[in-house]
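As structure tokens, the structure follows; a few thoughts come after it.
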Amino acid sequence: MAFEDVAVYFSQEEWGLLDTAQRALYRRVMLDNFALVASLGLSTSRPRVVIQLERGEEPWVPSGTDTTLSRTTYRRRNPGSWSLTEDRDVSGEWPRAFPDTPPGMTTSVFPVAGACHSVKSLQRQRGASPSRERKPTGVSVIYWERLLLGSGSGQASVSLRLTSPLRPPEGVRLREKTLTEHALLGRQPRTPERQKPCAQEVPGRTFGSAQDLEAAGGRGHHRMGAVWQEPHRLLGGQEPSTWDELGEALHAGEKSFECRACSKVFVKSSDLLKHLRTHTGERPYECAQCGKAFSQTSHLTQHQRIHSGETPYACPVCGKAFRHSSSLVRHQRIHTAEKSFRCSECGKAFSHGSNLSQHRKIHAGGRPYACAQCGRRFCRNSHLIQHERTHTGEKPFVCALCGAAFSQGSSLFKHQRVHTGEKPFACPQCGRAFSHSSNLTQHQLLHTGERPFRCVDCGKAFAKGAVLLSHRRIHTGEKPFVCTQCGRAFRERPALFHHQRIHTGEKTVRRSRASLHPQARSVAGASSEGAPAKETEPTPASGPAAVSQPAEV
């Protein structure tokens, strides 16, 4: 066996049809095959294609070059089929070997170590005359293989079959796949007359494996199965009889690819191959900057935006940009106030499905995260971490402009709108804009007159939940705001701030009722028109006791 027996060559057009994974697989297999042949002493010179591959050059050959694809002779077994037997190079004898096949068709297979290698056995439709057997040109079979088999996934255990520049004839399709492909796709290959999966056509005998074939005097690199066949069944699902019907079946969402590990079903075999990596743990796509690996190229593309800082998805309303389109969709719900995820038990609505899932744990009693200091329980570990900062006083999120610190990143994000002046939440009725969505929600209650927050003790209703919370302290007697210097407690935070001025000595000016209410001030001014206004000056404070104190609410 010489290196040319397993070598594959491409024209520039054919090389351009391969994706990155296929090219890498081709380089690796070709170099491994040459190393194997050289180790056996069967190769004395370094072929040009090997030199090109070692230099990192593109190994395609000019169109029209008579290249040896494989030392194979094609012989007719019966009037209805063609088969392969290894003998010699027939690349120049193709028109004579296949008189009913258009010139220019090249068929090649390069094997992958450890796999039951695929066959390129050309079979005509039984009973069809050469004139009726049309093989339209213009589209590479690579396209159809990617459509049906999901080739190009980078799986090293799948044999890569290349046929160009022809596409499958009308009513004829690629029916059988390699044993490895069937194992990956979760099904056993269906062969005519129920022959064994790895059967090799040998006159008078059928072998169940490559080892049996080699023991019988055959060669270990024989190929199996048939490629051009009459329409049959694909992976257990009823297969359409034409390519048009096949396309309709794909668009109709017919699921026929099942994972043998978890029984999940897919419409496309390429989706199944991607899914199988979740079971095998394979991550063939590696980031060149940080070395992190991914199972899909799309995940690698998204990850690389972290290094480049690229944010291609911009919000048309506020201009904020995101790395992922899904993040933009979630963000746009802020502007539309859309809350399409509603709890079936309490009716509470959420803008994100993940928030609804966490909320449902409340009804199910699922609050697994408990605070070690106060015992309060939470649905999420992140909520517990945020809560613990109320005990420790930690504020790790600092504003770079003014130095204000916050315990939560979302609070810092909202605070930064004070500096930017951004008000992305606009009222659709009056056009007034707000910096926070909660402010917009409260504002819209003015238009509707709704007071959704009702006290269970006295029945009084409020437009704001915070006002209801403060009101509830009247019934409970709770005073959570405690002065750190004297220990006096208050129901509301503003009352505590007023009280703390006693200790700091800060002077306050008592404001009249007219100063608090502009309408009352205007009425007072009208009634005293023409009379000298009586000026009231604040009485100098003789001590802390003279400072006015607000009454407790």
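The backbone N, Cα and C atoms fix where each Cβ goes, and this holds for glycine too.
The model shown is predicted, which means the values in this text are computed figures rather than measured ones.
Residues 425-447 are the range that Swiss-Prot records as zinc finger, among 11-33, 34-56, 425-447. Matching 76-81, 130-135 against Swiss-Prot, the residues noted as motif 'Nuclear localization signal' span 130-135. Mean pLDDT, taken over the zinc finger (397-419), works out to 88 on the 0 to 100 scale. Nonlocal intrachain contacts for the zinc finger (425-447), taken as residues 6+ away from its ends with a CB within less than 8 angstroms of a stretch CB, comprise 334-335, 337, 414, 417-418, 463-464. Remark: secondary structure over the zinc finger (313-335) totals 11 helix, 4 strand, 8 coil, with classes taken from DSSP.
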